[in-house]
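Structure record follows, encoded as C-alpha cells.
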Amino acid sequence: MATPAKKFINNPNDVVTEFIEGLVETYPGLQYLDGLPEVVLRADVSAADYDKVAVISGGGSGHEPAQAGYVGEGMLTAAICGDVFASPPVDSILAGIRAVTGPMGCLLVVTNYTGDRLNFGLAAELAKTEGFKVETVIVGDDCALPPPRGIAGRRGLAGTILVHKVAGAAAAAGLSLEEVAAEAKHASEMVGTMGVALTVCSLPGQATSDRLGPEKMELGLGVHGEPGAAVVDIQPVDVVVSHVLQQILSPETNYVPITRGNSVVLMVNGLGGTPLMELMIAAGKAVPKLQLEFGLAVDRVYTGSFMSSLDMAGFSISIMKADQSILERLDAPTKAPSWPVGTDGNRPPSKIPVPLPPFQQNKNEESLGRPQELSQQGRILEAAIEAAATVVISLKDSLNEWDGKVGDGDCGSTMCRGATAILEDMRNYYPLNDAAETVNEIGSSIRRVMGGTSGIIHVTNSYSLLCKAAYAELKANVQSEVTSKNWSDALKSSISAVSKYGGARAGYRTMLDALIPASRVLEEKLSIGEDLVSAFVLSGEAATAGAESTIQMQAQAGRSSYVSAEILASIPDPGAMAAAAWYSAAARAVKEQSQGLGIVIR
C-alpha cells in the first residue's frame with residue numbers, strides 16, 4: 001500500500017506560507033505582505049518612490065529557490081508564490097504589482113503554462129485599469145518535446161532564471177519599460193532547456209509515484225513530474241549529457257538560434273534531489289562537449305539548484321546564446337539571495353501592509369451604485385444584461401451535457417453561477433447609466449463567484465479579461481453617451497485580450513469562435529452606416545453560426561484538445577455555444593427595448 005513520502009513539514013496545506021516565513025527570516029532584504037504571505041518583495045522598494053522598472057515573476061511553489069529566491073536588487077522586485085505546482089491567485093499578483101510599481105511601470109516575466117499566463121494576464125489588465133504601466137514576457141524554453149499541436153507551446157523551465165537576471169540588470173541600469181521588456185524577450189528567445197530524471201517528485205502529504213522503475217530514467221519530463229519524451233534504461237551521465245545537448249541544439253527543431261562559432265552560457269540545474277557532486281559531474285562533461293563537438297565558446301557556467309521540482313532526482317541543462325549585452329547583464333551585481341550573494345546585515349520589518357488600489361477620482365457618485373432613475377441607455381443596458389444572463393441559466397443542462405463529453409462537465413453549472421450573480425448584483429448596485437463602470441462590475445461579479453478547479457479558473461479569467469479590456473476601451477474613449485463604434489471597439493479589444501493571454505484564435509474551438517465573427521460583422525455593418533440595433537442582431541446571428549461551426553473544428557486549446565476528433569465531430573464547443581447564446585439574447589433585447597422606447601441607436 002502506497003504511503004505519503006517522508007517530509008519535515010507540519011500541515012501539508014501550510015508549506016508555502018511556512019517556507020516564506022523562513023525565507024524572510026533568513027534573508028532580511030526580503031519581506032512579504034501581511035495577509036498575503038505569498039507576495040515576496042524587496043524590503044528596500046516602495047511603489048511610492050521607486051524610480052526604476054519593477055520586474056515581477058512567480059508561479060507555483062515547489063521549484064525553490066525559484067522564484068522568491070531571486071528577489072533582490074539587480075533581479076526581481078517581487079515574486080508571487082502559488083500553492084505547490086499551482087498558479088498564484090490573480091489578486092495576489094495584483095497586490096504585488098501595486099506594492100512595488102512606480103511611474104516607470106513593471107515587467108511581468110511569466111513561464112509558459114496556461115494558468116500562469118491567464119492569471120498574470122488578468123492581473124496585468126486589472127493593473128492597467130488602475131493606471132499602472134505593465135508589459136509581459138512569456139518564457140517557453142523547453143526543447144525536450146517536438147513542436148506541440150495547438151497553442152500550448154513550449155514549457156517554461158530553468159532558462160527563465162537567466163531571463164530574470166537579464167531583465168533585472170536592465171531595470172537596475174535605469175532603462176525604460178519598453179527597453180527592459182525588449183531585452184527580456186530577446187533573452188527568452190536565446191535559451192533552450194531539457195531535463196532528465198531518475199525519479200518523479202513527491203508532493204507534501206501525498207504518496208510518491210512509482211511509475212519509473214528502479215532501472216529506468218525519463219528524458220524531458222516537466223518540472224511538475226508530467227511525462228516527458230521517453231522512459232529509457234539508466235545511462236552513464238556522459239551519454240545523458242550528449243543526448244540533452246544534441247536535443248537542445250538540434251538544427252531540425254531549431255528551438256534556439258545557436259550555430260557553430262557562437263558564444264553560449266551553460267546552466268546545469270538540479271531538480272531538488274540531486275547531489276551537487278552529480279551536478280558538477282554533468283557540468284564538467286557538458287563544457288568540453290559544447291566546445292569540441294559543437295564548436296561553441298562557453299563563456300559562463302552556472303551549476304546548482306536554480307529551479308527545482310521538490311525532491312526530484314534529476315537535472316536540466318540550459319544553453320543560452322550569449323552576446324556581449326547578455327553577458328554584461330548576467331555579470332551585473334545583484335543582491336538576490338539565490339544567485340547567490342551575501343546580505344548587508346540590515347534587517348527591516350519582515351512584513352508590510354497590503355497596498356490598497358489607487359483612489360480613482362474619475363468615478364462620480366452615481367457610478368458607485370444603482371441609479372434611482374435609469375436613463376434610456378441604462379434601461380437598454382439592463383434589458384440586455386438580463387436577457388443574456390437568463391438565457392445562460394436556461395442552457396445550464398445542455399452546456400453541462402456537451403462539456404461532459406469534451407471537458408469537465410461543469411461548463412453549464414459554472415456559467416449559471418456567474419449569470420445568477422450578475423442578475424442579483426445588477427438589481428442591487430450596477431451603475432447602469434454608466435456603461436463602462438457597469439461592464440467593470442460584471443467582471444467583478446464573475447471573478448467573485450466563478451472560482452474552482454483549473455478549468456473553471458480559465459473560463460473565469462477569460463470572461464474577466466473580456467470585461468476588463470472592454471472597460472478599459474470604453475473608459476478611455478467615451479466622453480458622454482456610448483456610441484455604436486465605442487461598443488464595437490470594446491468588443492474587439494476584449495477579443496484581443498483573451499487571445500493575447502490565453503493564446504486562442506479563430507478556429508481553435510473556443511468561445512472566440514463565436515465572438516470573432518460577431519465582432520467582424522458588427523464592425524462591417526456599422527462601417528456602411530447600419531444602425532447599431534440592426535448591426536447587433538446580425539452580429540448575433542454570426543455568433544451563433546460561428547459557435548455551431550465548432551462541430552467541424554479540431555480543438556487546439558483547453559481540455560478538449562485531448563479529446564479524439566471522432567467525439568468532437570458530434571458536439572459543438574460548449575464555451576462557444578454559451579457565448580453565442582448570451583450575445584444573441586442581448587442583441588434581441590436591445591432591439592426590443594429600443595423599439596419600445598421609439599429610438600434609433602447610432
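Just so you know, the numbers here start at 1 and follow the chain as drawn.
Using N, Cα and C of the backbone, Cβ positions are placed for all residues, glycine too.
Going by TrEMBL, these are the annotated features:
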- His224: active site, tele-hemiaminal-histidine intermediate (ACT_SITE)
- Gly60, Ser61, Gly62, His63, Asp116: substrate binding site (BINDING)
- 11-339: domain 'DhaK' (DOMAIN)
- 379-588: domain 'DhaL' (DOMAIN)
- 334-372: region 'Disordered' (REGION)
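Here the features listed in TrEMBL are placed on the structure.
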residue	record	Cβ contacts under 8 Å, 6 or more apart
Gly60	substrate binding site	Cys81, Gly82, Asp83, Val84, Phe85, Ala86, Ser87, Pro88, His224
Ser61	substrate binding site	Val15, Val16, Phe19, Cys81, Gly82, Asp83, Val84, Phe85, Ala86
Gly62	substrate binding site	Val84, Phe85, Cys201, Leu203, His224, Ser308, Ser309, Leu310
His63	substrate binding site	Val223, Met307, Ser308, Ser309
Asp116	substrate binding site	Gly58, Gly59, Ser87, Pro88, Val110, Gly156
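For His224 (active site, tele-hemiaminal-histidine intermediate), the count of additional Cβ atoms within 10 Å of its Cβ stands at 19 [all protein chains shown]. Highlighted in sequence order, Gly59, Ala66, Gln67, Cys81, Gly82, Val84, Phe85, Ala86, His224 have their Cβ within 8 Å of the centre of the Cβ atoms of Gly60, Ser61, Gly62, His63, Asp116, the residues recorded for substrate, and are not part of that set.
For the substrate site listed in the record, the two most distant Cα atoms among Gly60, Ser61, Gly62, His63, Asp116 lie 15 Å apart.
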